[in-house]
Amino acid sequence: MGTTLHLTESDFDTTLASTDKPVLVDFWAEWCPPCRALGPTIDRVAREQSGQTVVAKVDIDESQALVARFQVNSIPTLIVFKNGQVVDRMVGLQPHGEIVKRLAKAASK
């Protein structure tokens, strides 16, 4: 069963470097209604993509350096990494099908 990781500035780079799978990172905040609405979709993707994709969340209030580093200006922002590099970015509330489609595209790169 796939789980959603909760990353901080201290473990972000290590987590990305430890896998050759695509990594979906949800930049979010507790006070953001669209972020909370997207949460169950992110957890569903983590379950369905277990073994194929690493799914993680970054709380923007706790990780300002990551927000600046990846130029997150609006939330929710979903960034897909492959081999430590940004390969895709989605801003705003995204439907499940779109997220899965983008992850499949990233996996094929």
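Just so it is clear, glycine is given a Cβ too, placed from its N, Cα and C backbone atoms.
Taken from TrEMBL as is:
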ACT_SITE  C32  active site, nucleophile
ACT_SITE  C35  active site, nucleophile
DISULFID  C32-C35  disulfide bond
DOMAIN    1-109  domain 'Thioredoxin'
SITE      D26  site 'Deprotonates C-terminal active site Cys'
SITE      P33  site 'Contributes to redox potential value'
SITE      P34  site 'Contributes to redox potential value'
Checking the recorded sites P33, P34 for other Cβ atoms within 10 Å of each Cβ, the smallest tally belongs to P33
Sequence-ordered list of residues in the chain of D26 (site 'Deprotonates C-terminal active site Cys') that lie 6 or more positions away and have a Cβ within less than 8 Å of its Cβ, or none, is T4, C35, L38, I42, V55, A56, K57, V58, P76, T77, L78
Lowest 10 Å Cβ neighbour count of the active-site residues C32, C35 is held by C32
